[in-house]
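Annotated features in TrEMBL:
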REPEAT    71-99  repeat 'ANK'
REPEAT    103-135  repeat 'ANK'
REPEAT    136-164  repeat 'ANK'
REPEAT    168-200  repeat 'ANK'
DOMAIN    225-260  domain 'SOCS box'
């Protein structure tokens, strides 16, 4: 009962009443820490709502930032779903694990599903694994493509996502071609997507091209011979955990190569 009352105050974003309620039940506060049937705590709910003052109060009151629900879903997962960068940043600063073993996916997966570009950047900056997959075999890049978040796809690739990561033998280029998104096709090819990879049906991406424009773009890339410099850039970037500027700086490259490694034709924001 106490949990439901506290949850109601939280949903109404009544912080002072919530604080008073905690103070009133201080001697029997174990009931406040009870969860719902899925093991979601008040902190999970505060992060889903995006109510930063309550998040701060709850963490300061003893709620753990990495408490999982029954599916391993942590408060940071909820914050990524909600899309509030301040809550995400706060949880990261308080030590939240950016790669929790959640059943359905990581905070990065959720941010890519929703198209929250700033949160993607914050999570990768904090060490989120770019190319790890969910239970369905999809990585962050796959989810951004499926949901047609063009700017997120560009950001993920610039940060070092593998443009040839496979999901059941299907490449990102196959996915982009199937949905007929010319911008995504161009972006993937720019970052080194392989137009010659075949899927489990032995089909090339071009065989799924629904329009003349996308067909023409892929056909042109298949005729082109990539320069060694371009292939070297892709290979080095794929060997790094991410391609944030700080990571590239550690390679101790000449400035012109450092500039080239960062894909100067693409922007973060």
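Using N, Cα and C of the backbone, Cβ positions are placed for all residues, glycine too.
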Who are the chain neighbours of the repeat 'ANK' (168-200) in space, where the CB to CB distance is under 8 Å and they lie at least 6 residues beyond its ends?
137, 141-142, 145-146, 148, 150, 153-154, 157-158, 206, 208-211, 213-214, 217-218, 221-222, 226, 230-231, 233-234, 263, 265-266
From the DSSP assignment alone, can you count helix, strand and coil residues within the repeat 'ANK' (71-99)?
17 helix, 0 strand, 12 coil
